[in-house]
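Engineer: Input: one structure, supplied below.
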Amino acid sequence: MGFLSDTQNYGGGVGGKCAVGALRTLVRRKQVDSAHTKPSSSGGSGHHQLAKALTIPHLIAIGVGSTIGAGVYILVGTVAREHSGPALTFSFLIAGIAAALSAFCYAELASRCPSAGSAYHYSYICVGEGVAWLIGWALILEYTIGGSAVARGISPNLAMLFGGPSSLPSFLARQTIPGLGVVVDPCAAILVFAVTGLLCFGIKESTFVQGIVTSANICAMIFVIVAGGYLGFKTGWPGFDSVASTAEEVKNPQRDLPMGIGFALTICCTLYMLVSAVIVGLVPYYAMDPDTPISSAFASHGIKWAAYIITVGACTALCSTLMGSLLPQPRILMAMARDGLLPSFFSDVNKRTQVPIKSTLVTGLLAASLAFFMDVEQLSGMVSVGTLAFTMVAISVLILRYVPPDEVPLPPSFQEAIDSVSARRSMSNSPDDVDIENTKVYAITSDGRAPVLVSKETTIEYPLIEKAAGQLNLLMSVGNRRKIAGWSIAVTCIGVFILTSAASSLSLYSPLRYTLAGVGGVLLLSGLVSLTWIDQDDARHSFGHSGGFICPFVPLLPICCVLINVYLLINLGGATWTRVSIWLAIGAIVYIFYGRRHSSLQDAVYVPAAHVDEIYESSSNSLP
């Protein structure tokens with residue numbers, strides 16, 4: 001079990017060119033950014049360092065602004081009438097709890113791996129390059145279509161402020177192209193370009209503006225809560241992926257990222273619950289207007305002027321959400337380009353503003369084009385593919401805790417240091433070269449220190465020998481424990497997929513459906529029990545940046561998160577999955593013909609993680 005054999009077994013430079021090299025590329029994993037390897041050191045030449053400018057208030061502004069869109073002004077009516085009824089407030093509470101499961105997982109990974117890329121970055125470190133590519137490709141789809149859909153929704157709300165649907169100036173109003181039947185939206189495109197320009201000024205400046213816009217939205221919501229609460233009391237009550245992408249730009253990510261995520265989630269959940277409670281109290285759920293529930297609720301009490309305040313709130317909410325949709329995508333493109341999976345054009349960071357301007361401009365141009373030409377309503381369901389990222393983040397937490405990467409990729413430039421450390425270790429009596437089958441340990445006897453040959457079958461007569469033998473048994477059991485943990489995670493994921501598929505297939509023959517659900521449930525519970533019973537890997541303590549947030553209730557919480565998100569994914573619908581599959585197939589082709597060949601890990605040499613610091617030290621000592 002020597003050092004040299006490990007490097008040869010894991011070597012990517014030569015082994016990657018053999019027959020199984022194509023499969024190895026899908027599972028190769030990159031290293032967590034550390035003091036030895038900075039983000040600026042990869043991805044080619046140029047300025048790749050983002051500004052460390054964000055604090056907790058900035059993160060809250062990004063999180064709240066991205067989450068509370070115009071949906072709170074519209075969604076409450078649809079949910080109350082068609083789904084929850086008078087239990088609307090509890091529905092948002094349950095949704096908030098479900099979101100909290102993902103938030104806990106994101107908080108741990110964001111504090112341990114504080115680099116741009118969010119779920120793509122975490123998947124690359126914990127799962128592998130193939131899955132990471134698909135996650136990054138899916139996030140590109142989510143943010144592009146999401147931003148375009150939000151932009152298309154702003155112009156109707158602005159028109160309401162001017163007096164009606166057709167009250168906008170002609171150069172901003174929607175127009176139909178004769179002969180083509182295409183409805184263009186100049187207002188949406190202009191807003192996208194304006195937000196893109198703002199994002200190019202700098203992360204701190206754009207976040208400050210987003211904070212102002214979000215504050216206006218919250219003020220409108222507070223008005224709804226206070227004024228609606230007063231009316232309800234007076235009448236006797238007649239009748240709830242953005243933050244993590246900025247991890248590299250946070251001053252103190254271990255402290256600020258978890259707190260920013262937590263506070264943003266709490267504020268959003270609380271506001272949704274309060275607004276829904278007030279509206280349900282003002283108007284019976286069955287009488288709510290599904291399109292304008294809040295405005296109609298106030299109008300039913302004679303306060304029609306409140307519609308203007310609510311419309312302003314909806315406009316500011318959409319603008320803030322648009323900023324939240326366009327902010328993460330350039331950083332995901334930049335992260336993928338750093339890793340060589342996309343052209344280096346996307347990884348360039350402006351020296352003055354410390355923002356990936358080229359990626360931001362490309363993102364804005366694409367989103368503006370979609371918002372101008374396309375009615376994205378039919379494509380809006382594809383935004384939910386981002387749930388795939390939530391699923392992989394939860395799985396990454398399980399991998400981090402039970403089977404964290406035990407080998408690290410190093411560039412070929414470290415080959416001399418690797419050879420030096422390998423030779424030094426082969427000549428020394430290091431713990432890795434201990435013969436586990438027959439090992440001499442020393443016992444303190446009445447005659448002094450006596451070497452005793454200990455093997456797996458040795459009968460222990462001395463306490464110290466028993467302790468030493470226990471350590472040897474621990475060494476022998478580490479490999480088995482990792483195998484059991486890895487298979488348990490796989491079995492759990494398979495069980496989740498079978499269970500959720502059976503639960504969603506209402507047209508399936510009942511006995512078969514219940515049988516599949518039972519099989520899936522058994523596999524899920526077996527994996528959960530197994531992961532609960534075995535110990536988590538000690539290497540998790542030294543994985544990534546220490547001192548940050550630790551996700552509680554592992555493995556139960558991440559598994560619940562996977563279960564909920566997979567269920568949501570399966571229920572997206574056949575038409576949505578057909579479109580998503582086409583997009584992912586295009587991504588697979590791009591990866592096969594470009595990303596796989598240009599990956600920064602193409603010629604990497606994998607070495608045991610326990611030896612990395614020694615290799616870096618040897619490399620630094622060899623420099624003139």
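Keep in mind that glycine also has a Cβ here, set from the backbone N, Cα and C atoms.
Sharing the record's features from TrEMBL:
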type	residues	note
TRANSMEM	56-76	transmembrane segment
TRANSMEM	88-107	transmembrane segment
TRANSMEM	119-141	transmembrane segment
TRANSMEM	180-203	transmembrane segment
TRANSMEM	261-285	transmembrane segment
TRANSMEM	305-327	transmembrane segment
TRANSMEM	355-373	transmembrane segment
TRANSMEM	379-400	transmembrane segment
TRANSMEM	484-508	transmembrane segment
TRANSMEM	514-534	transmembrane segment
TRANSMEM	546-570	transmembrane segment
DOMAIN	549-599	domain 'Cationic amino acid transporter C-terminal'
TRANSMEM	576-594	transmembrane segment
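Are these features on the surface or tucked inside, and what touches them?
Structural biologist: Beyond its flanks by at least six residues, the transmembrane segment (261-285) meets 56, 59-60, 62-64, 67-68, 72, 76, 80-81, 84-86, 88-89, 91-93, 95-96, 99-100, 103, 106-107, 110, 218, 221, 224-225, 228-229, 231-232, 235, 237-240, 243-244, 293-294, 296-298, 300-301 of its own chain at Cβ-Cβ distances under 8 Å.
Residues of the same chain lying 6 or more positions beyond the ends of the transmembrane segment (305-327) and with a Cβ under 8 Å from any Cβ of it are 62, 65-70, 72-74, 143, 146-147, 150-151, 153-154, 157-158, 160-161, 191-192, 195-196, 198-199, 206, 209-210, 213-214, 216-217, 219-221, 223-224, 227, 242, 245-246, 292, 294-295, 298-299, 360, 363-364, 367.
Sequence-distant neighbours of the transmembrane segment (379-400) (same chain, 6+ residues past either end, Cβ-Cβ under 8 Å): 101-102, 105-106, 108-109, 112, 118-120, 122-123, 125-127, 131, 134-135, 138-139, 141-142, 145-146, 149, 241, 489, 492-493, 531, 540, 543, 551, 554-555, 558-559, 561-562, 565-566, 568-569, 572-573, 575-576, 579-580, 583.
Among residues of the same chain six or more beyond the transmembrane segment (546-570), those with a C-beta under 8 A of the stretch's C-beta atoms are 98, 101-102, 104-105, 107-108, 110-112, 253-255, 257-258, 384-385, 387-388, 390-391, 393-395, 397-398, 401-402, 492-493, 496-497, 499-501, 503-504, 524, 527-528, 531-532, 536.
Residues 130, 133-134, 137-138, 141, 341-342, 379, 381-382, 384-385 of the same chain lie 6+ residues outside the transmembrane segment (576-594) yet bring a C-beta within less than 8 angstroms of a C-beta in it.
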Engineer: If we skip the immediate neighbours and take only residues 6+ beyond the ends of the transmembrane segment (355-373), which ones have a Cβ under 8 Å from one of its Cβ atoms?
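Structural biologist: Sequence-distant neighbours of the transmembrane segment (355-373): 50-51, 143-145, 147-148, 151-152, 182, 184-186, 188-189, 191-193, 195-197, 199-203, 325-326, 329-331, 333-334, 337, 345-349.
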Engineer: Please indicate, using numbers and ranges, the residues of the same chain that are 6 or more beyond the transmembrane segment (484-508) and have a C-beta under 8 Å from a C-beta there.
Structural biologist: 395, 398-399, 402-403, 514, 516-517, 519-528, 530-531, 534, 537, 555, 559, 562-563, 566-567, 570-571
Engineer: If you run through the domain 'Cationic amino acid transporter C-terminal' (549-599) with DSSP, how many residues end up as helix, strand and coil?
Structural biologist: 40 helix, 0 strand, 11 coil
